[in-house]
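Report on one structure; see the data block that follows.
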C-alpha cells in the first residue's frame, strides 16, 4: 500500500527589521541533450493512456484528486469502514483514500458510466490485486461495450509489470474466453516464462489455454527446449506430465518406454535432480515400480557412478513394491531395502535420518515374520 504523502511548506525570511526581498529570478533551463529530450518525450507519453482519453497517471504533476473535480461533485465518497476499534490500521496515501472512497461510491450505486470505467484504472494503478475492482471493470467492459482488444493490450502491459498477480491473470483469462481468440497467448506466456520459467501463474494460464482451445501441437517440443535450458525446473516436468496425460497417455508401451529412457538420460546429466526422479516415479507408480521391465537393473547400473539420495530412495520404493507383490526372494529383498534405509540415514540423507529409520521399522514390522523381528524394533 502506498504510504501517506507529506506536504512540505517553506517560507522566505529576511533580516529582522528589513523588508522581505523578492526571490531571485530562476536560472534559464539548460539546453536538453538528445538523450534528455528522448526521456522527456517518454515521460509525456507515460502520462497519457492509449486507452482512456484524458487519463492522467497518478504520478502526473497535473493530477487532480477526485474530490476536487467538478464532474464528480454529484458523488458522496464512501470512506473505508475499519470498525470502531481498528488494530494496526493501514496508513493510506491521500490519493489512495480519495480514489477508493469514490470507487466504493460508484460500486454502491452500480454506476455503469465512462467515468466509473476510468476510475477503475486509477484504482488498479494503486492496487492491481484488488479483485473487486477487476470484477467491476469487467462489468463495465460489457455494459459499455468496450473494445476488448484494447483491454487485452492494457492487461498485457500490467502483467509484464506484475507477472505474479492472481487477479491480472484471471482478468486475461476472462478476456480470452470472451474473445474466443487464443492466438496471442502461447507466445505471450512464453515471453513471461523466459523471464521466470517457474512462474506458476503463467503455467496455470498456459495449461488452461492449451486445454480449452486444444493447442497440444508442438507443446512437447517446447517442454523439451525448456528442459534443455534447465533440467531442474519442476514446473516444466509437471507440464510434460500434463501434456502426455492429456494426449497420448502412458498406457502405450512405446510412449512409456520413451519417457522412462528420456528421464534416465536427464538423470545421468544431473543425478541430484529431484524433479526428474519425481517424474519417473509419477509415471510408473500406478502400474507398480517393480513391474517395469529391466528398470531395477538400469537403476543398479547407475548407482556406482550416479549415486544420489534420490536414486537410493527410489530403490527403496522399488524393493517395497516387490515386497507388496509377493516376490519369491522376500527375505533378501527386505534386507536390501533395510540396508539402503541405513545408508540414507547415516550417509546420504542424514537430515531425515529419523524418517528413514521409521521406514525401515515399518518395512520390518510389515514384511518380517514375527519371530524374525529384532527385539529392539
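Placement of Cβ uses the backbone N, Cα and C atoms for every residue, glycine included.
In Swiss-Prot, the region 'Disordered' annotation falls on 1-55 of the listed ranges 1-55, 56-110. The residues of the repeat 'PFTA 1' (112-146), classed with DSSP into helix (H, G, I), strand (E, B) and coil, number 26 helix, 0 strand, 9 coil. Nonlocal intrachain contacts for the repeat 'PFTA 2' (147-181), taken as residues 6+ away from its ends with a CB within less than 8 angstroms of a stretch CB, comprise 50-51, 124, 128-131, 134, 137-138, 141, 188, 192, 195-196, 199, 201-202, 204-205, 208-209, 212. Here the repeat 'PFTA 3' (182-214) has Cβ contacts under 8 Å with residues 152, 156, 159-160, 163-166, 169, 172-173, 176, 222, 226, 229-230, 233-236, 238-239, 242-243, 246 of the same chain, all six or more residues outside its ends.
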